[in-house]
Ligand SMILES: CC(=O)N[C@H]1[C@@H](OP(=O)(O)OP(=O)(O)OC[C@H]2O[C@@H](n3ccc(=O)[nH]c3=O)[C@H](O)[C@@H]2O)O[C@H](CO)[C@@H](O)[C@@H]1O[C@H](C)C(=O)N[C@@H](C)C(=O)N[C@H](CCC(=O)O)C(=O)O
Ligand SMILES: Nc1ncnc2c1ncn2[C@@H]1O[C@H](COP(=O)(O)OP(=O)(O)OP(=O)(O)O)[C@@H](O)[C@H]1O
Ligand SMILES: N[C@H](CCC[C@H](N)C(=O)O)C(=O)O
Ligand SMILES: [Mg+2]
């Protein structure tokens, strides 16, 4: 492909060299650069891509996209200076794959909690409605029936456009994608054409990266600010930041709510372990998903399907038969009737939501035992709060490790313990080894009790000291309950 064809939509501040040259591939990681590649020098959180420019030229890169042009230029290499390399990367990756996002209907889902659930149910729904569909999510990516493992919630622009390109080749009409706040700030979605955007909710998370709640809010809002007039913007107005998302968008605005008037409205009639019974847009429907937060997720899915011009009754019929995403309120019942729930709740708000859901549907006499840890190299301020929420809403709590990553697991646990009030101390245990923590909970539980294993959901690994080893909360639960999978 010719470099000049990739530059459509890129604002060039300075050009040194020719644009009439053939390029092989795009790359933002020096370690992967090959002959005739374009190298994007991105300023990151750990490193500055500009420091690797010489190395990539030695490896054969012939085009350098950068924010500062090096003093010593190499002959026959084209240097293009731009304001922000991340933005150029998004736009050029889109051009490289022939703008696949414009060839299908791409809908992005953002918010602190519920993105995977909403995107996954939308994917399952549209497949059930007979469409070829794509999914880009935290758990896995799908090109219709083909699974592609996921490394991030939102992939980098090259991987993202390559996946969209494969979806177009496979004949997909729709793609549902989770848009993380990191992805917005790092311009991973730059250059994409969205047909719609959905906002779930906003609460405490990722303050390690965004520093303040306001910056975090702005990151989510920037996604809506960038939508075209032809797109829809669907927001949850029961969330106090729901309307803020729509303030500056050019897209057409639609709302959903359980507690007030909105374009798409539902009321919870019953909320039990067997599922949700809702009045949704004046139709009485039973759903397999559990918990009031899932009423919001279902309503977001329903609203999106309506905005994508699907038939109301067919949508509700298919939706009522669907299950949620793996590791989201995923439950197993032991032979002696202990209920074990694996849930990906890893923010204070999500932990409170899942525990209040359990409170709403429990019968009253049984114990709720929660096992919870917090990830390393992530927002530290949520640690004591998550421990506090777990204690306030459970009869017993076992604090343990999540993915310590490069941090000392004991330090994380100690930071969580700060949130345990003196009155809550007697119901709290700390067991560093997560497997042992789960085993202990299973030994403590009696018939009828509910065990919540929070934080890791679908994850099939535990990362300690930077090394990932196989670990699966649900698998351990099956072992402890003597059940076959
Ligand atoms: C904090 C964060 O988001 N980091 C992402 C970011 O890395 P970074 O900015 O730290 O990059 P860096 O290491 O400073 O390097 C800067 C540049 O130099 C380049 N480099 C670096 C070293 C080298 O030898 N050669 C070289 O060329 C790098 O490729 C990069 O382009 O850009 C990288 C390339 O796209 C990502 O892989 C990386 O994701 C890390 C692994 C990560 O864990 N991200 C998480 C926090 C994340 O993105 N999570 C969200 C979901 C969160 C949620 O909602 O729950 C997600 O969308 O997955
Ligand atoms: N609408 C919601 N409101 C509040 N909590 C929710 C909602 N939906 C799901 N949750 C809770 O949050 C957890 C994570 O849900 P989900 O994976 O759908 O969110 P996510 O936004 O994709 O998270 P991540 O950013 O980590 O990918 C669930 O396990 C559940 O406990
Ligand atoms: N997408 C989130 C997942 C957190 C899941 C939790 N198990 C942890 O490891 O902290 C993140 O990367 O911050
Ligand atoms: Mg997700």
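Cβ atoms are placed via backbone N, Cα and C, with glycine included.
Automated prediction, rather than curation, is the source of TrEMBL annotations.
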Correct range for motif 'Meso-diaminopimelate recognition motif' (source TrEMBL, candidates 394-397, 398-401, 402-405): 402-405
TrEMBL annotation, meso-2,6-diaminopimelate site containing 402, 403, 404, 405, 455, 459 - matching residue among 378, 426, 485: 378
For residue 112 (ATP binding site), the number of other Cβ atoms found within 10 Å of its own Cβ: 22
Distance, residue 220 (N6-carboxylysine) to residue 116 (ATP binding site) (CA atoms, angstrom): 16
For the motif 'Meso-diaminopimelate recognition motif' (402-405), sequence-distant contacts whose Cβ falls under 8 Å of one of its Cβ atoms, 6 or more beyond its ends: 346, 372-378, 412, 434, 455-456, 459, 461-466
Average model confidence [pLDDT] within the domain 'Mur ligase N-terminal catalytic' (24-96): 97
Extra residues within 8 Å (Cβ to Cβ centroid of 111, 112, 113, 114, 115, 116, 117), ATP: 109, 118, 178, 200, 201, 297
Residues in the motif 'Meso-diaminopimelate recognition motif' (402-405) grouped by DSSP into helix, strand and remaining coil: 0 helix, 1 strand, 3 coil
Residue 114 (ATP binding site): secondary structure state under DSSP, collapsed to three categories: coil
